[in-house]
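Per TrEMBL, these features apply:
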DOMAIN    4-117  domain 'Response regulatory'
DOMAIN    152-240  domain 'HTH LytTR-type'
MOD_RES   D56  4-aspartylphosphate
Amino acid sequence: MQMKTIIIDDELLNIKNIVFYMDSYFPWIQIVGTFTNIHAASELILKQHVDLVFLDIQMPTGNGFDLLDLFPERAFDVIFITAFEEFALKAIKAGAVDYVLKPIVLDDLTVAMERIHKKYLAQQQVNAIMEPKSEKILLQNSDTKRFVCKEDIIYIQGIDNICKIFFENNTKMILSKTLKYFETLLGQDFYRIHKSFLVNLTSCNSIQTTEKYQVVLKNNVKLPVSRRSVKELKNRLIGM
């Protein structure tokens, strides 16, 4: 599983170098955003899950510690990027996993990345142990009976009394049920984002609020979100 990663640095060359190193040497890293200021980065962190942040300390629009103040109970790890070694102790005290001095050298970066990867894998093992066993439900129509795990359902589209269920393996199933039926059956891990759509919250990657409200799923499908559902959807995703 890849670590969703963002880079925050006011120097575009540093961003370019880090992206190059990640793509070339660390295939378990997925860059989901690059930013030159803290404000834009914080908006993305609020909208989607992030595992790792490369964070510059001194920037014209504020220092990296300002970002950490915005997320006192953060779910992401931090590697600080700095040209000043005197910031290193403060960075570690602030909860950074490591720091890398500018100009970035591959050997130093590799040490930091090995440390972060080891920590990430250990946490994944803990999560796997703590994760409850998959709950299966029976889905049945006129010619098919199928036991499925709830988490295998990505989203459900409902039209009147017909529902089309979309699964992770790109299959689908049509049942003569209402969307309200599945909303009750599937519980809190699913959310009614629109009168016609029920989504698995763990399948949501991000929310788009530019021209119209949409949620982007991990299979890159975009679904409409009603205006009244946007705030609650954001709260649900942040709380996961």
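Please read every residue number as a count from 1 along the shown chain.
Placement of Cβ uses the backbone N, Cα and C atoms for every residue, glycine included.
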**Prompt:** Long-range same-chain neighbours of D56 (4-aspartylphosphate), Cβ under 8 Å, sequence gap at least 6?
**Reply:** I8, D9, D10, E11, N14, G64, F80, I81, T82
**Request:** Tell me the residue counts in helix, strand and coil for the domain 'HTH LytTR-type' (152-240), as DSSP assigns them.
**Result:** 27 helix, 38 strand, 24 coil
**Prompt:** Which residue counts does DSSP give the domain 'Response regulatory' (4-117) for helix, strand and coil?
**Reply:** 52 helix, 27 strand, 35 coil
**Prompt:** If you average pLDDT over the domain 'Response regulatory' (4-117), what do you get?
**Reply:** 89
